[in-house]
Amino acid sequence: MKCLVIFGLIVAIFASIAGYGYLVFTDLTRPLPRPAFKDDTYWGPGDGKNYKPDTKIYDFVVDVPKAEIQDLRQQLNRTLRLTEPLEGIAFEYGFNTNALAQFVEYWRDKYLTKWNQRQDYLNSLKQYKTEIQGLNIHFIHERVSEEVAEKKHVYPLLLLHGWPGSVREFYDFIPMLVKDQNISDYAFDVVAPSLVGYGWSDAATRVGFNAAEMATVMRNLMLRLGHKKFFVQGGDWGSIIGSNLATLYPENVLGYHSNMCVLNTPLSILKGIYTHYYPEKVLRSRMFYDHHVGIWEKYQDLLIESGYFHIQATKPDTIGAALDSSPVALAAYILEKFQTCTSPSLKQDFGAIVTIFGLEAVLDNLMIYYLNNAATTAARFYAENTSKTYRDLQLDRVQTDVPMGCCRFRFDLPSASEWQLKDKFTNIKHNMYFQHGSHFAAMEMPSMLFNDFNEFVKKIGLHTE
């Protein structure tokens, strides 16, 4: 009898543990309701009590004073106090200082001497500013011509960049979207904003401006421009912001397309581990395995390459002060990310940046950070997105029925499979894998991104309604 009692107690204990584990698992994996979210928070200077919004849209032209360019050349002309790389080391310890010296020389003696040409190029796309929630927001707005509009189905498109990128990423991509392309039935009125705190957009003046707030400002910008429904495309932070926008404001989004498909929920993590061990049960083709198998190695690489993330998420003003004060430091910091985001076979190659992106494109992007003193304000976005306030929203667990498309480039950050994504995106229309390409897809492979985005729009089939 005593043994039966003990056995019964053991069974009861294990049943309680199992039951509690089930409740915890269910609680951590169930979808959450969409949170109520304020869509008109004031982020400008002061308390905003007497704030009267200026709804006008103003033309914007990049026009840098010659004295500022001359001052930059003088800074770059100072003797570089760089430490020699270790013997036999290329970029394993960070951006190689011998390569950095060559970049600085080109920047100073070649690039800046033709700044007027580069400035004209930056102004080749129509740009504007308008005030949203107390912040002056800079944006590119390229419209479809009347001739193209007669031939194509035209939709508004919001393009969203990330860090350490800028609107410069889209300069090859935007013309493809706007012009008459024989391979596509679509054309797009493109809006590509500088994110808040990036480029020529104002930075928030108070704590709390996270990706959900950024999504709100971007959505309100589109409404200001008369676009009540629009497509969203983004990578890096643009992908997170786009996901938040599709979650908080699904009534405004015709479709959301991402080239950095990530989902950080407990259930998604478990599914990712399962896929690593049993890819044949999840993935439709062995060609997709390299994107999802080897998860531990992928996360080890991610840990090695994400030191910047921890710094910017904890002490953004410290690193920002160093970068805003020194153009050479800014160059080393940003160029190192572009070097890393080439491919495993190239990231130790001294010619990788030139081969993949081109010097002018990368230096244009660098200039946008330098001219706007944006290193600190851009870095703060990491701190806001790792804050408890943002984490508590748990937007990755809030489902949305907005049509979703995902394209994965081989050497980008570890991506989520369709099996993982469908827990959040209940209306996945497009799922694509590329065996090449990396993080800055719009800059590196604009044609492939263009084709994939058009395929996504086609699958939604809006023009058949």
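Glycine residues also receive a Cβ, built from the backbone N, Cα and C atoms like all the rest.
Just so you know, TrEMBL annotations are computer predictions that nobody has curated.
Here's what TrEMBL has on this protein:
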ACT_SITE  ASP236  active site, nucleophile
ACT_SITE  TYR382  active site, proton donor
ACT_SITE  HIS439  active site, proton acceptor
DOMAIN    59-170  domain 'Epoxide hydrolase N-terminal'
Can you tell me how far the Cα of the residue listed as 'active site, nucleophile' sits from the Cα of HIS439 (active site, proton acceptor), in Å?
8
Taking DSSP states H, G and I as helix and E and B as strand, how many residues of the domain 'Epoxide hydrolase N-terminal' (59-170) are helix, strand and coil?
47 helix, 24 strand, 41 coil
For the residue listed as 'active site, proton donor', what is the tally of other C-beta atoms lying within 10 angstroms of its C-beta?
19
About how far apart, in whole Å, are the alpha carbons (Cα) of the residue listed as 'active site, proton acceptor' and TYR382 (active site, proton donor)?
18
